[in-house]
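Positions annotated as signal peptide by TrEMBL: 1-18. Per TrEMBL, FAD binding site is recorded for VAL126, VAL281. Look at TrEMBL and you will find 324-338 tagged as domain 'Glucose-methanol-choline oxidoreductase N-terminal'. If you look up TrEMBL, you'll see HIS566 marked as active site, proton donor. The active site, proton acceptor feature in TrEMBL is assigned to HIS609. Marked as region 'Disordered' by TrEMBL: 630-681. Residues annotated as compositional bias 'Low complexity' in TrEMBL: 637-649. Summarising the annotation, TrEMBL assigns compositional bias 'Polar residues' to 654-681.
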Amino acid sequence: MHSFKSIILAAWAGIAFAAPFAQDEPHLLRTRNIIDSTSIADSYDFVIVGGGLAGLVLGARLSEDSNHTVLVLEAGTTGDELKTRIDTPAYAYYQSLWPTDLNWNFTTTPQTHANNSQLPWPRGKVLGGSSAINGMYMNRPGEIEVNAWQALLSDMDGADNWSWDSLYAAMKKSETFGAPSDASIQEEAGITFNPASHGTQGPIHMSYPGYTFPEVGAWSAAASNVGIADTSDAYGGENWGAYVATSAINPANWTRSYSRSGYLDPLPPRANYDVVANAHVTRLLFNTSSPSSNLTAYAVEYALNGGAETQSVGVKKEVILAGGTIGSPAVLLYSGVGPKDVLDAAGVPVVSELPGVGQHLQDHLSVSLSWSTDVETGGSVYANNASTEKDDAAFLSYVNSATAYVNASVLFGNGVGSLQSSVNSAIDEYIPDTSTDSGVIDGFKAIYGTTANTILTSPIGLIELVIGLTTDGAIQIGANLQHPFSHGQISIASSNPLDYPIINPNYLNHPADVQVLREGLKLARRLGNAQPLASSLTEETWPGSDVQSDQEWEDWLRANVFTEYHPSSTCAMLPLEQGGVVDASLRVYGLSNVRVADASIPPISFSAHLMSSTYGIAEQASTIIRNYHNQPTYSHNSTTNKTNSTTNNRANEDNGTAILNTTNTPPGEESNSTGSDSNGATAVHSYSSLTTLVGLCLAFVVMV
């Protein structure tokens, strides 16, 4: 136990707060299309709600059409005051951005089936969203699960946009792949890849750290020794097995590559594109006098200065919600669009009844084992004040990236059929009590059926295993549930849009989730005891050898589960009669000019970190919207870079060059400035010490 207290102290010891970073000169902000709220025009063709991962993709792509005006409204700051901590990959572990104003600092409701724990849900509140504060994992879902999403749409118009082929092309369009910078790193880490599965001209860099440890190379060999096959290409549709994942790192200067650095900072000035930070969207305003059954949003209301001032901006064509799995349904609910019972209870007048808003919430659930170690780790190097490496850019690019996606047959052997039968026979018993609407219930059944009859019996991973090498004196292996049968809800409890929404993921409501996670933890222990990895691990300290029986594992995991930071599906793309919120064109049912384009739209969870798929969703959404409005492509006389946003998804794979930049450096700024960061600290909540420990040790291993 003493070692775990030490780990907690070490995890927080590196969080440093200094004097504020000077704000950019106004002309530099304008170069990046960032304006002050006083300069907002009266109206825009497109108003994008949320300047996070998806929102900045949409803003960049839609503003390529010069006769479309585009506004992005972001509740958080620009992030300039904490630029160095954002840009430096390893600082995600050693100078965490959790206790700063760049984190929304959400918390769940008490989780009945997880010892009534209230768990933190950090999400990025900054230009770039969670892509600015996460662990930078860049991996992809599998072809089977993406095509399962498409199958849930049946013959819906536009369903082909969400096939594997379409999303695969869109994901590739967003990225520029970089092979390991040094052959010795590739060999030591055991990195394999297929260049044909990656994009080459996109705005987001996906590559490998410039530093590694022998345990990364031992990972796949140890996994093979416990029955987990390795894979030479997890990016071309077969995403299962053990491998070293790419990370969102720019190898040119070892900085984080995120939606702001890729899709905003490199842009030349565009007269038709404005981005406003510190503007919290509160609600959409609708023309309720229209005789049409589909309401039209004519304005977006937003709050400035912490809510002290409220303004609105007009909408000429469309509103696009890109607030993420929490933010997008919350905006709809506060606008009067959602389940009638939720809106009535919150005191929000019903503008358009849509029972599925906020339903189908799914999240990856994580638990970690820990071993003491005497070998060098990233955490020990960073903690060594005499180390010359701790300030080296290549070392500071090291983030955890070895992973393994484990399917049901590895976890249960011949018991897969029995598990499938038990799930199918108990569907009605475990339908969440978050809705009584028959359509929403039918949607739950459809998703359950897909998970039980397509995912469960396929090679797709039910569990992700990850290794954590960023703690001094300890190594962790996390087991993360990927396709939960337990579904939750995002709701609201008041009519004040500045109040946080209610987050109830309903963790472990379904017994199958407990079974899968329990078997994943047993496998994690076997992996830690397998050579060649076992030679680096001294003693299992958490939970320790006292936990052996199935009941002991279950009791322990219920007390120690943590989010893997991958919530999805709260504005699910499903038929309206199954509780869907958006159709295959991303349009919100009942609204004529509102779309949603972020991680809230896939109706099923993915067996992957969600960053790459969300870039793909945003790229695909941009193509759908531009095709609908059928406008010419924007070009610049001041630059040779151009983007060809063709209607053909395959042709779009590598045409991301208009907003490609080789560094994270905005025009007029120095790269990787070492100037002081600001003190954006907020109070850090106290949670169950051991649960918090596990979350801190692996927090940014797994966050989107």
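Each residue, glycine too, has its Cβ placed from N, Cα and C.
Unlike curated records, TrEMBL annotations are generated automatically.
Feature map: annotations from TrEMBL on the structure.
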{"residue": "VAL126", "record": "FAD binding site", "DSSP (3 states)": "strand"}
{"residue": "VAL281", "record": "FAD binding site", "DSSP (3 states)": "strand"}
{"residue": "HIS566", "record": "active site, proton donor", "DSSP (3 states)": "coil"}
{"residue": "HIS609", "record": "active site, proton acceptor", "DSSP (3 states)": "coil"}
Residue among the binding-site residues VAL126, VAL281 whose Cβ has the most other Cβ atoms within 10 Å: VAL126
Using DSSP three-state counts, the residues of the domain 'Glucose-methanol-choline oxidoreductase N-terminal' (324-338) come to 11 helix, 2 strand, 2 coil
If you average pLDDT over the domain 'Glucose-methanol-choline oxidoreductase N-terminal' (324-338), what do you get? 99
Work through the recorded positions one by one (VAL126, VAL281, HIS566) and name whichever has its CA nearest to the CA of the residue listed as 'active site, proton acceptor'. HIS566
Between VAL281 (FAD binding site) and the residue listed as 'active site, proton donor', what C-alpha distance do you get in Å? 23
Integer Å distance between the CA atoms belonging to HIS566 (active site, proton donor) and VAL126 (FAD binding site): 18
Is it possible to get the count of other C-beta atoms within 10 angstroms of the C-beta of HIS566 (active site, proton donor)? 29
HIS609 (active site, proton acceptor) has its Cβ surrounded, within 10 angstroms, by a count of other Cβ atoms equal to 30
